[in-house]
């Protein structure tokens, strides 16, 4: 399967920026992807950066601290970002409005206008955790136009939902690249998107 993806996507690297409020689980997700196991983490002051390889594609992931005093520095990491992973504590209903404000502040920056948006609805193992439909409503995602976004339920401690996002990133990135390259030839674009759908179906097994 790795050879198939490399043939379709070529030798690609993606720059991914992982943001979210403090204590959402960003660092736990990063090192679960990197090491394949759960680790104890402390609040990130500054940033962590790791390269995660999945199906021969390299994801360069920047995890930046989410404390309110650090958030003004987020914009310094925007340049060159191809995908935003916004990590949300799905059980923290008290701060969902704060999370919405921060998410929209990020994606409205011109440096992030082309970035794919993925929301990790983390901590799904906790009681009363919000499900994707509720989260997309509370975050105002349905009002976004001309943006690719996706909400993935996840549990960083168990690893649930993490690798599905890797697949989604690959497909969204490939479609995005092919759309820009082939926009002047609709027939080629349709065939390109059909190829991505076939690849998705293959990845389900």
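Just so you know, glycine gets a Cβ as well, placed from its N, Cα and C.
TrEMBL lists 20, 21, 22, 23, 24, 25, 26, 27, 66, 122, 123, 124, 125 with the feature GTP binding site. The number of other Cβ atoms within 10 Å of the Cβ belonging to residue 26 (GTP binding site), over all protein chains shown, comes to 27. In the three-state DSSP classification, residue 26 (GTP binding site) falls within a helix.
Reduced to three states, the DSSP call for residue 44 (Mg(2+) binding site) is coil. Summarising the annotation, TrEMBL assigns Mg(2+) binding site to 27, 44.
For residue 44 (Mg(2+) binding site), the binding-site residues whose C-alpha atoms fall inside a 10 Å radius of its own C-alpha are 22, 26, out of 22, 24, 26.
A C-beta separation below 8 Å, combined with a sequence spacing of at least six in one chain, links residue 24 (GTP binding site) to 66, 87, 88, 89, 92, 120, 122. Rounded to a whole number, the distance between the Cα atoms of residue 27 (Mg(2+) binding site) and residue 123 (GTP binding site) is 13 Å.
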